[in-house]
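Scroll down for the structure; my scribbles are underneath it.
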Amino acid sequence: MARAIMFQGTGSDVGKSVLVAGLCRVARNRGLKVRPFKPQNMSNNAAVSDDGGEIGRAQWLQALACGVPSSVHMNPVLLKPQTDMGSQLIVQGQVRGEARGRYYQELKPQLMAAVMESFAKVGDGADLVLVEGAGSPAEINLRAGDIANMGFATHADVPVVLVGDIDRGGVIASLVGTHTILPQEDRAMVRGFLINKFRGDISLFDDSLAAITRFTGWRSFGVVPWLKAVSRLPAEDSVVLERAVRGDKKALIVAVPMLPRIANFDDLDPLKAEPAVEVVMVPPGSSLPADAGLVVLPGTKSTIADLLALRENGWDRELVAHVKRGGHVLGICGGFQMLGRRISDPAGIEGNVRDIEGLGLLDIETMTEPEKVVRNVEAVSLLHDEPLEGYEIHIGRTSGPDMARPFARIGDHDDGAVSPDGRIMGTYLHGVFSADRFRHHFLRALGVEGGQMNYRESVEEALGELAEGLEASLDIDGLFALA
């Protein structure tokens, strides 16, 4: 089995995903055959892997950093929250049903076999596997049957490095507290720690590093400064969206309602990277900006529930006002379904609401179906006759008069719909704005001269800068020697 190192955090959103992506690129730059692995992920920000299943978007990015095709085995267990009490369970890329609270806790030991099978497949032929944990290993209420953190590490005998986030404060207490809470068997798996997201003079933290080592016995592998390259990489968690603030006025304002179960929000990243575009994430309780030229209704894990939430916030009325002012609207996947006259869910796939009136901005209707469409696609934009590469992850079939004006052509069938005046658009395709020529033409049609940015190259450049920053700030030789 390949050598491996596992990175666990003192909590969620400490930066594990990006750190692992950066370290994957570091290892690749050093000539190692490196692979990413995350036993269990909880995220609605999913990707379609190169072998045709669903994985966390973070593992897709990590595979890119490794320079290898993504695989369902890089993230064998994916939980996609769809209600407050339950998540859709994806095992090795395929839907296995719904996981609810206590039932899932009882199911986890059975999933360890799939996790270990995938871990072996990922490690086959690799020099190094970099493993990412989930949340915190100190959640002792979740330790029994754990497959995400120490349960996996002890089962697979993989050494652990703890990651602490100093930007949120309390990093010393987080690390020392984790040491205190962990049972002896788990504590013995930890070989050291690193500090992430430091701002200012790092030398001022030297005494604190020594104190953490004194309290825990763990060595420090370094302090990672706040790296600007991180902001140019796709974020995994919607919590990052909540921190977005408006900047200087740009030529085009793109407003995005923050739906409770927003999914695949990295669709927006190429727009955010355009110098003339400002993407405004609109939180619940706030109004859509009146100066927006485009409103994007994003993907969602629960279309009907999020449509109800959209109405509760008054965004439906604001959308109508936006259209009357001459604004444009783009619905992606679940957002596309919302734009129609009606959504029917006769089998109750999404919940108890079996039929709901849509926003009525497109003359279409959607019927949910049990079979889930999961695939990477090559398409042609029928708006601008430009090639597109994207992916579909959805349930439901949409039909209606406005489908006669499709958004794109995928092989032998059409996708999406466009209103007669061309200002309301919908598509099932995720990732369309990553296509540079399409994005530039799309923005030009909205009165904005798009730049010459190559989005994929910009992501590669950001990964390169991230790797350089980690090489400069961490004891990479010491880290890799753990495996």
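Cβ atoms here come from the backbone N, Cα and C positions, even for glycine.
Sequence annotations record features per position, and here Swiss-Prot assigns domain 'GATase cobBQ-type' to 251-438 based on sequence analysis.
Sequence-distant neighbours of C333 (active site, nucleophile) (same chain, six or more apart, CB under 8 Å from its CB) are A263, N264, P298, G299, T300, E392, I393, H394, T427, Y428, H430, listed in sequence order. Taken from Swiss-Prot, the feature active site, nucleophile applies to C333.
Among the features that Swiss-Prot reports, active site is placed at H430. All protein chains considered, the CB of H430 (active site) has 26 other CB atoms within 10 Å.
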Mean pLDDT over the domain 'GATase cobBQ-type' (251-438): what is the value?
-> 94
Could you tell me which three-state DSSP class H430 (active site) falls into?
-> strand
